[in-house]
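Reviewing the structure listed below.
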Amino acid sequence: MRFAWTVLLLGPLQLCALVHCAPPAAGQQQPPREPPAAPGAWRQQIQWENNGQVFSLLSLGSQYQPQRRRDPGAAVPGAANASAQQPRTPILLIRDNRTAAARTRTAGSSGVTAGRPRPTARHWFQAGYSTSRAREAGASRAENQTAPGEVPALSNLRPPSRVDGMVGDDPYNPYKYSDDNPYYNYYDTYERPRPGGRYRPGYGTGYFQYGLPDLVADPYYIQASTYVQKMSMYNLRCAAEENCLASTAYRADVRDYDHRVLLRFPQRVKNQGTSDFLPSRPRYSWEWHSCHQHYHSMDEFSHYDLLDANTQRRVAEGHKASFCLEDTSCDYGYHRRFACTAHTQGLSPGCYDTYGADIDCQWIDITDVKPGNYILKVSVNPSYLVPESDYTNNVVRCDIRYTGHHAYASGCTISPY
């Protein structure tokens with residue numbers, strides 16, 4: 001029984017040995033064996049220097065060859081083996097250095113140079129760079145010929161810069177930074193700048209002026225909210241410090257509970273020019289008013305007069321109003337860039353400097369004025385301290401009917417005088 005199991009196990013093994021060890025047939029030829037390849041030589045891959053010591057990283061592996069395009073003009077039948085034997089170098093460029101001269105060769109010149117090996121074109125690439133634009137830019141640089149009115153091709157990696165502007169001078173640039181005020185050139189995210197080659201009329205900052213400002217007072221704003229109010233001298237102490245009352249309010253016999261009659265009216269001035277309206281006084285000479293807690297940047301921004309309707313004679317002393325200039329509001333598409341601070345004061349193009357009728361010094365003291373018909377004259381930039389493109393729209397005249405207790409304004413218009 002044990003012998004039978006041994007025969008069954010050794011039988012297949014002997015059969016396999018006979019099959020593998022049998023000599024090949026006469027018609028079959030065994031391919032010759034190639035000698036083993038010699039081990040690759042050590043090649044230097046990376047070398048660097050640190051603290052005066054040179055380090056090298058050696059490897060037996062093959063050198064990495066990045067993928068590159070084959071020049072269409074160099075594709076010649078039968079040249080595959082020759083090109084495979086040529087050493088390849090890593091691609092380290094970012095543009096295509098092929099010139100346009102190869103494209104404009106004549107048939108004769110191409111025939112002469114057919115036997116010469118053409119240099120392999122190196123293709124330079126970078127993320128975000130267009131290959132077609134790179135070829136066009138390379139061709140224009142190689143030809144070195146540009147039409148008189150033609151602008152050379154520019155890379156799309158960097159937009160063209162303006163020559164007449166300064167760096168960071170665009171008021172619509174969201175990354176513009178100013179050490180004076182973080183809200184200077186404030187960029188409104190809800191109002192994107194319109195694309196186009198021309199700048200909008202609001203372009204202009206303190207560094208780069210585009211034309212001149214043009215102040216215009218709103219006559220309808222004055223007419224809508226003119227009224228009479230009585231206030232005690234106790235509540236007018238801050239206004240008295242800024243000389244906002246009539247001369248009779250500064251007499252020695254005036255007491256705190258005495259009342260003054262005030263003709264109140266609002267004012268809204270718009271800069272419809274193409275440049276910023278900046279204060280006439282330099283920043284170091286601005287006056288700080290502790291009572292109102294702000295700086296006055298102009299000696300006389302507005303002037304108020306009450307004239308007799310028949311004789312045009314002044315019946316109430318005019319008031320010099322030196323305000324804190326700022327962009328209270330702006331038209332759609334324009335942005336606030338000035339605030340009533342110690343650093344930035346002014347009026348941007350397309351913006352308004354608004355003063356309500358309830359603030360201090362926005363009035364004329366009419367305590368000594370009798371009832372009758374008068375003319376309210378409001379002048380903006382009356383002394384022409386700041387240059388403007390048009391001075392004929394700086395005055396507003398309104399007809400005032402004063403009853404002794406109430407005042408009614410009508411017929412407010414812009415006047416040249």
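Including glycine, each Cβ sits where the backbone N, Cα and C put it.
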Among 99-136, 137-174, find the range that Swiss-Prot records as region 'Disordered'.
137-174
Quick check on the record annotations: which of Tyr187, Tyr257, Tyr304 is tagged sulfotyrosine by Swiss-Prot?
Tyr187
Mean pLDDT across the region 'Lysyl-oxidase like' (213-417), rounded to an integer, is what?
89
Which of the binding-site residues His292, His294, His296 has its Cα nearest to the Cα of Cys361 (disulfide bond)?
His292
Quick one: of Cys238, Cys244, Cys324, Cys330, Cys361, which of the disulfide-bonded residues has the smallest count of other CB atoms within 10 A?
Cys238
Work through the disulfide-bonded residues one by one (Cys291, Cys340, Cys351, Cys398, Cys412) and point out the residue whose CB has the fewest other CB atoms within 10 angstroms.
Cys291
If you measure from the Cα of Cys330 (disulfide bond), which of the disulfide-bonded residues Cys244, Cys291, Cys351, Cys398 is the nearest?
Cys351
Quick one: of Cys244, Cys324, Cys340, Cys351, Cys398, Cys412, which disulfide-bonded residues lie within 10 angstroms of His294 (Cu cation binding site), measuring between C-alpha atoms? Sequence order, please.
Cys324, Cys340
